[in-house]
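Single-structure report; data block below.
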Amino acid sequence: MTDVTVKSLAAEIQTPVDRLVQQFADAGIKKSDVDSVTQQEKEILLAHLNREHGSVPNKLTLQRKTRSTLNIPSTGGKSKSVQIEVRKKRTYVNTPEAEQAKAEEQAQREAEATAQKIAEEKAKREAEEQAKREAAEKAKRQAAEKEKVTNQQTDEKTKPAQTDKARREAEAAELKRSVEEETRRKVEEDAKRVAEEARKMAAENEGKWPEPVAEQTESADYHVTTSQHARAAEDENDAKVEGDRRSRTRGGKATKQKKGNKLSESKADREEARAVGRKGKRKPSTLQQSFNKPVVAVNRDVVIGETVTVAELANKMAVKGSQVIKAMMKLGAMATINQVIDQETAQLVAEEIGHKVILRRENELEEALMSDRDIGVEAAAEHRAPVVTIMGHVDHGKTSLLDYIRSTKVASGEAGGITQHIGAYHVETENGMITFLDTPGHAAFTSMRARGAQATDIVVLVVAADDGVMPQTIEAIQHAKAANVPVVVAVNKIDKPEADPDRVKTELSQYGIQPEEWGGESQFINVSAKAGIGIDELLNAILLQAEVLELKAVRTGMANGVVIESFLDKGRGPVATVLVQQGTLNKGDIVLCGFEYGRVRAMRDELGRDITSAGPSIPVEILGLSSVPAAGDEVTVVRDEKKAREVALYRQGKFREVKLARQQKSKLENMFANMTEGEVSELNIVIKSDVQGSCEAICDSLEKLSTDEVKVRIVGSGVGGITETDATLAAASGAIILGFNVRADASARRVVETEGLDLRYYSVIYSLIDEVKQAMSGMLAPEYKQQIIGLAEVRDVFKSPKFGAIAGCMVTEGVIKRNNPIRVLRDNVVIYEGELESLRRFKDDVSEVRNGMECGIGVKNYNDVRTGDVIEVFEIIEIKRTIA
């Protein structure tokens, strides 16, 4: 323990420093106010003070309750029964005299008990000896009687013998009497000796017993008694008081009590006083509270989680919320009392106020759950099949290539011939098994391609020999490099006449993909998905690359993997396509998957067959999750379903808190930008898709379409069919409903018809994005353009009583039309802009005058037309704007 100074010790025990120094001096320790005090010196001082002032005597507090019924006569003549409860409290103190008397009494009782026990043992032994002597005497008497009967015949002869017998009997009686007296004397001596030893023990214990001092309290009512007689007398006194009270009540002399003005007197005290009929003065009570304001600031240990509201932080520090907000304003942060702040901000605020911060890790339960897993550490890692992701630009033949390898017709089943989902398949070849992931090539599926690159071992980059490197090809290269995955290039459509593989190599080399023949690390294989050219070479190249990577995994133990895709099936519930990466996934396992959890109720392979287990690099569909997980979430098998549920709920709450904190922060930072939001048009959309990945891709693509004038707002999105809830949401928010590979049920269609909603179905993402663009274009404010349609040169000016100044003009360009807006130019400078009011040719009103003809032009509300001016006639054209 750290030593403290005399001054700090005096402040701690709230005593003057001079008095504490004097007490140390009395205890034989010389100290000044700046000297340090050790723990041993504290104990010496405490022992000295105990000797001087003594210790608090031991005390015992007893509480008693008595209940009775009091009949009070009322004005109506009927008596009123009142329940009376009297509570009494007695405190008994163990004083030195009581302790001494108790010790002597105890010693005396022990001595008496010991003496009684010894006496009983002596008496028992004496009784046994007496019984033996009586038996011997009885035998002697019987022998004597027998001898007497025998010698009766010779009475005369035996007279001297009888005299001897009487003498012997007298001697035996005298001996018996002397033995009894000796025994009684010994018992009395033993009892005296035991009593003397008991008194000596009591005297020794009296010296060893601690000497208590009476407690120095003025208000305590201590009854120093422990005997049964004292308690009996007290009970008699209570009964007497109660009897007097009853007699006074029956006599109708209930005493009025004075109303006290003590705020501290309770209703129970008043009832007790009324019951016992007290007339005397009540015990005065103080009206001040016992709380003393802390003199020194209290420094607390504040435990802060990853996120906390301002109100919770103030509660932890025992201060008002306004004080926390004030401290945050000093640090340059604005917040409300219900706002969620992050851990770093809360730490700065708590330290600013002066408290010690303890940062808490809130994912302890998750760490404990993950540590309690059988991951098969003792088992040896075995070779596993490579996971190959096929990437490339749209329509470059990725699915067709995989289709030829699998010998199925997957490409024909895709809407529009393009892949909308990540397809996961494993293929058995002659040289081993390969797992393929087919990713979409459309720009909208960027996140799906990135997800495929994270879960893969090898990327097969498909490039069309006749098309070359395209934008999605470059994006696929970036994903592969970010994931640090080797790339095998498949130059497809090599059978076309316009194929140019060398151009593909040259273009890819600009992005860091160098072929092996040029000294690089990437294998280039020329293939044709239609003709089947180079397929075996491609598979061998993949297996060769996998052999170089030495891919291994533990097959035993609890499995973990990644969600490739997920969707909601109407009959089966949430379905997730999972790629197992470690261990073995069995039917019935408890899995934790992102925000969701559940037990694997069924497992199916890519062909729809039910299976019971799946090892590393095997893609499977699992059923039994609580909801549809997000694609890309990690799947982990755990032991306890209850803990898995707690972790999933914690993750959901954590995600919500972080999202809310991020929204609050962005609101404050973008305050000025949000002031102009009222001028922006919004297109509200509700999106429902068949799988999670497509839903994400569509939402990202539509949000990227937002401009400064039209903003796309995704009101709702989800997986599964369009329900009545979706239709109601769209009706409330004025949104259009877009279904991607899903349909609306009967109740939803009924709401759509009733509310007149716009419901559209799509199976190709191109069409969906194009139509949303058209809808956004219709919401744009129109753009107007001025187009000059004719020029007329003023040759002469003459007056008209009806129109004023009339300009005689020659049309030099275009056509002059009546009632069109015009400009008057003088020296190529616009001096007036107005409207053409009158157009005549040979005194006839005409609607238009063409190039090379003369006409008279009257300008509305303008008479300052001069010779040499140019009249420019134009029209305003509305240009329809579109979203780029």
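In case you wondered, yes, glycine gets a Cβ from its N, Cα and C as well.
Record features, source Swiss-Prot:
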- 392-399, 438-442, 492-495: GTP binding site (BINDING)
- 99-209: compositional bias 'Basic and acidic residues' (COMPBIAS)
- 216-229: compositional bias 'Polar residues' (COMPBIAS)
- 231-246: compositional bias 'Basic and acidic residues' (COMPBIAS)
- 247-261: compositional bias 'Basic residues' (COMPBIAS)
- 262-275: compositional bias 'Basic and acidic residues' (COMPBIAS)
- 383-552: domain 'tr-type G' (DOMAIN)
- 93-288: region 'Disordered' (REGION)
- 392-399: region 'G1' (REGION)
- 417-421: region 'G2' (REGION)
- 438-441: region 'G3' (REGION)
- 492-495: region 'G4' (REGION)
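Feature map: Swiss-Prot annotations on the structure.
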residue: G392; record: GTP binding site; DSSP (3 states): strand
residue: K398; record: GTP binding site; DSSP (3 states): helix
residue: I494; record: GTP binding site; DSSP (3 states): coil
C-beta crowding around I494 (GTP binding site), within 10 angstroms: 21
Mean per-residue pLDDT computed across the region 'G2' (417-421): 45
Lowest local Cβ density (other Cβ within 10 Å) among binding-site residues: G392, D395, K398: D395
